[in-house]
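Okay, structure first, notes after.
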Amino acid sequence: GNWCCSARVCC
């Protein structure tokens with residue numbers, strides 16, 4: 001699944 005690496009950046 002996708003996860004957020006940063007406040008506005010999802011990997």
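Backbone N, Cα and C define each Cβ position, glycine as well.
Listed in Swiss-Prot as the disulfide partner of Cys5, from the options Cys10, Cys11, is Cys11. In sequence order, Cys11 are the residues of the chain that are 6 or more apart from Cys5 (disulfide bond) and have a CB within less than 8 Å of its CB. Cys10 (disulfide bond) sits 6 Å from Trp3 (6'-bromotryptophan), taking the CA atoms of both as reference points.
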